[in-house]
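One structure below.
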Amino acid sequence: VLLTLSAAISPFRPSSCQGLSCPPASRTQFSVFFAALYLTSIGTGGVKSALLPFGAEQYDDSSPEESRRKQSFFTWFFGAINLGIFVAGTLVSWLQQNVSWALGFGVSALCLLLAAAGFLAGTPWYRVQLPAGSPLRDILRVVVASVKKRKTRLPAAAGQGDLGLHEVAEDDDLQKLAHTKGLRCLDKAAAKGGDGHEGPWNLCTVSEVEAVKILARMVPIWVTCVLYAASLGQMTTTFIQQGMTMDNKLLGRVKVPVASMVSIEVVFMLLWVLLHDAVIMPLARRWAQAGSAGLSQLQRMGVGRVLVVLAMATAALVESRRLRVAGAGRKMGIAWQVPQFVLVAGSDVFCGIAQLEFFYGEAPASMRSICSAFSFLALSLGFYVNSVVVTAVAALRPGWLAANLNEGHLDYYFWLWAVISAGNLLLYLLLAARYTPKQVLRHSP
């Protein structure tokens, strides 16, 4: 609403520019505009971290049928996000550029109001799990207790029950986790009879310790997600630069705006979503063992990382050919970019959906919102990593990213990202092979 006001009402709308000369915005105009941007950031962070786990909690994990439906929910949640990106990049952008900015922002505000009304309308039917304390406090308790008991000796095969690790009695409101090997230094937080009083900051349950272990094991996987997201960042940066040097006419007649290739990638992504949910996953379940979900989350994330390596290599080959064609005084058609966009779309579907499932499914029940936000945080940090790589290449190999791409070597830059993506894939395979999944003794309701 504030963005709409900043573009529609004169006290909040900056004066029109005269050519390249634009009058400075007033303090009020500046404040309203940036307040709107910061509110958008805060609201988006809250929605993205909470809406996904809230939607997944509407399914009962104890029912095999509802568990399968929940897997489809993640797929269509991912598809819905990208459908929104497509509408914003086509319809809303067209309205802003060809009609008025105020109308474009107004349509966006109307969409949000309709979404909020639809969300509130479902209130009587939602399954709501009330928060049971601060997950950050529980993490700190485990760390503090393990440090206090760092000199405590544990049995060689420490586990709960008869080996002296603390666990609460049956409690229907808690998700009990099985003890796992590894990170034994944290097990000391659940060791009975350690130094000090056995208060909440001196003694934790096995389930609380295992929750922290899960986070510790997820972090290395998450780091590879950041590097993966940096590879995807080429789609909205260097892919566009590459396309701007190509002939953007299809079949010699239809002129395609270069920036619209990103929207076309979203179309490919939605087609991949249909293929993923209607063909690939059902076939994987049929060929897998009885009761299996088919391709696991880690396997699908691996497939996505393989596809992004192929996408970067394809972009490098296309750029090498484009340079040869440009050297002959001709332009190569923009349709040559389609294969790399198709591969990136497939990669994003396999990896994006699986990451949403992974960070939600592996998270302890009390930390699902925090862990679900990891996937979106990786995407944000990926763009910063991309900027660091661009800065390093510009300093060390300035000829690669020349102002005139026909005089540079963007193909070398794409090969660099293919190597980075391949190295990230190898690191991921090593981490995924050693990853210990969450083991639940009893689901929370």
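Yeah, the Cβs are placed from backbone N, Cα and C, and that goes for glycine too.
Note that the coordinates shown come from a computational prediction; the quantities given were computed from them, not determined experimentally.
According to TrEMBL, the features are:
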type: TRANSMEM; residues: 29-52; note: transmembrane segment
type: TRANSMEM; residues: 73-95; note: transmembrane segment
type: TRANSMEM; residues: 101-121; note: transmembrane segment
type: TRANSMEM; residues: 219-240; note: transmembrane segment
type: TRANSMEM; residues: 260-281; note: transmembrane segment
type: TRANSMEM; residues: 302-318; note: transmembrane segment
type: TRANSMEM; residues: 338-360; note: transmembrane segment
type: TRANSMEM; residues: 372-394; note: transmembrane segment
type: TRANSMEM; residues: 414-433; note: transmembrane segment
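For the transmembrane segment (260-281), the residues of the chain that approach it from at least six positions outside its boundaries are 71-72, 75-76, 78-79, 82-83, 85-86, 89-90, 235-236, 239-240, 243, 294-295, 334, 337-338, 341-342, 344-346, 348-350, 353, judged by C-beta separation under 8 angstroms.
Counting Cβ pairs under 8 Å that are 6 or more residues apart, the transmembrane segment (338-360) and the transmembrane segment (219-240) reach 3 or more and are in contact.
Scored on C-beta pairs under 8 angstroms, the neighbour of the transmembrane segment (302-318) with the top count among 29-52, 73-95, 101-121, 219-240, 414-433 is 414-433.
Residues 45, 48-50, 52-53, 218, 222, 225-234, 237, 352, 355-356, 359-360, 363, 400-401, 413, 416-417, 420 of the same chain, all 6+ positions outside the transmembrane segment (372-394), place their C-beta atoms under 8 angstroms from a C-beta of that stretch. Distant neighbours of the transmembrane segment (101-121): 1, 3-4, 6-8, 88, 91-93, 95; these residues of the same chain sit at least 6 beyond its ends, with a Cβ under 8 Å from one of its Cβ atoms.
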